[in-house]
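> According to TrEMBL:
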type	residues	note
TRANSMEM	41-69	transmembrane segment
TRANSMEM	89-106	transmembrane segment
TRANSMEM	113-133	transmembrane segment
TRANSMEM	153-172	transmembrane segment
TRANSMEM	193-212	transmembrane segment
TRANSMEM	224-245	transmembrane segment
TRANSMEM	354-379	transmembrane segment
TRANSMEM	399-419	transmembrane segment
TRANSMEM	486-505	transmembrane segment
TRANSMEM	525-544	transmembrane segment
Amino acid sequence: MACLEVFKEEKIKEGEDQECTLDGTVDWHGRPAIRAKSGQWAAGIIILLNQGLATLAFFGVGVNLVLFLTRVLQQSNADAANNVSKWTGTVYIFSLVGAFLSDSYWGRYKTCAIFQVIFVIGLVILSLASYLFLNRPKGCGDELTPCGSHSSMAVSLFYLSIYLIALGNGGYQPNIATFGADQFDEDDPREGYSKVAFFSYFYLALNLGSLFSNTILGYFEDEGMWALGFWVSAGSAIAALVLFLGGTARYRHFKPSGNPLSRFCQVIVAAIKKNGVEMPPDGEEELYNLDTKDSSMNGSRQILHTDGFKFLDRAAFISSRDVDDQKRGCGNPWRLCPITQVEEVKCILRLLPIWLCTIIYSVVFTQMASIVALFIFLYRRVLDPLVKQSTGLKGLTELQRMGVGLVIAIVAMVSAGLVECYRLRYARKDCTHCEGSSSLSIFWQAPQYALIGASEVFMYVGQLEFFNAQTPDGLKSFGSALCMTSIWLGNYVSSLLVTMVMKISTEDHMPGWIPGNLNRGHLDWFYFLLAALTAIDLSVYVACARWYRCIKLEGKCEEIHDQEESFIRV
């Protein structure tokens, strides 16, 4: 009897070890992923370390690029700033390219690997170009020693390298966050909780990598040791790539779903073609639905029908002509689309208003890596458990956290404005060479920096989770790319806003709100303007959050209903 019991226990354990994931992920060989042998934190930690090292490498170049252009390539401040703006914009444009290739054809693992190789190549070329051609005479590029002239070949090599870096990092960045989230089965309660935690730790890894670059590498580069700084970045990127490839056997994968642009266009065209078709009042049963394995969205979970955007339902309505086409075996995807494909389009249309609201937030966003690391720890270990205990709920939803981030951003800008008002009282306005100097202690600025750091944790971590959770399986990387592009567009809106404010405020020979000598301006008014714009953005955001209805995946109806109720209460 004892032997029989042991045999049964071993069989049960063996069955548990062979349990497959519920979300449709597969292993490296394309077979259903075994839960105990794939993904989870064993894979997640590898991806977090990869992200930290890759971020260190990227910011090791980006954080001091303006200084390199002015000190080493002898460009003016205006030209250098313009070139860096173009380069930064290119990074975010390439993020959309990487997301498209990942979701459509390559899958996230292959896309991350290919773009990291490009990233490494760019950093190695930059390091070699700096060491052999640009950083001449040796030690030039600090505050005191100017560099000599450079050949057109050396300059061309420099621009080739930094745009390879932009291509590599841009294509990699939106996919690595999503690929890390893929390692946790959201249909399993325990792994679902780990998936939420992963985004916080992912953002922590990003900020720690940035912190090291801004401090240690920034110091060496500021002292003229540019080649050393770039070689450290290249070494960090190589280590990140080796680490990423080393975890290959452990990763879980979602299969690419085909070109999302054609799927989107098919729904719009099919709905327009059936504009004259009269649909029954309750015609959900007459909507076309395909088995997941038979659909073009390979491996993706089905999305259930939702109300809203009723016009698009026409694309899935089965007309008499569609029945005849099906009998002849010549179905036309530009006339009849499965309901999952229609709901995919609806999901994107619902996400866009929320995404637009995040752009204004990016105008007031400032990178504060150390503060962010502290607040991520406080949120994960103190605030989130406290909210769960006091409310009995699962904690704040992604939409609620993003709203809290906007509220804190308003308080931060008001705080900055009040401190600037107070600083101006102690300003040395009589000293023409003392630009922006004041006898007020710099520690008065600590509260606004802390508030912005806390705001960033609520907004950007919540944003990462929200766009990952609310985009269809075939568009997860696109959701992460939306986060990146909101930051990029926020930078452009910020530049446009500063230009407009200076143009209006400098009329009639006035110094303007933001002059070279801040003691003669009104930077406080600019902070209050940002607070007002963010307050307006918050009002629009709350309206959009109340209107929003989350994605409904097959088999998750009850959970989705609970989420919708919490979204409405945002």
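Start at 1 and count along the chain as shown; that gives each residue its number.
Just so you know, glycine gets a Cβ as well, placed from its N, Cα and C.
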> Apart from its near flanks, which chain residues at least 6 from the ends of the transmembrane segment (153-172) lie with a Cβ under 8 angstroms of it?
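Hits for the transmembrane segment (153-172): 54, 58, 61, 65, 73, 87, 90-95, 97-98, 101, 111-112, 114-123, 125-126, 129-130, 133-134, 484.
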> Kindly say whether the transmembrane segment (113-133) and the transmembrane segment (525-544) touch, using the definition of 3 or more Cβ pairs under 8 Å where each pair is 6 or more positions apart.
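Touching, no - the transmembrane segment (113-133) and the transmembrane segment (525-544) miss the threshold of 3 or more Cβ pairs under 8 Å.
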> Let me spell it out: take the transmembrane segment (525-544), skip the flanking residues so only those 6+ beyond its ends count, and list any with a Cβ under 8 Å from a Cβ in it.
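Distal contacts: 353-354, 357, 360-361, 363-364, 402-403, 406-407, 409-410, 413-414, 416-417, 420, 501, 513-514, 570.
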> If you count every Cβ pair below 8 Å, which range out of 41-69, 193-212, 224-245, 399-419, 486-505 shares the most with the transmembrane segment (89-106)?
486-505
> With a Cβ cut-off under 8 Å, give me the same-chain residues at least six positions beyond the ends of the transmembrane segment (486-505) that come close to it.
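For the transmembrane segment (486-505), the nonlocal Cβ contacts are 85, 88-89, 91-92, 355, 358-363, 365, 463, 512-514, 522, 526, 529.
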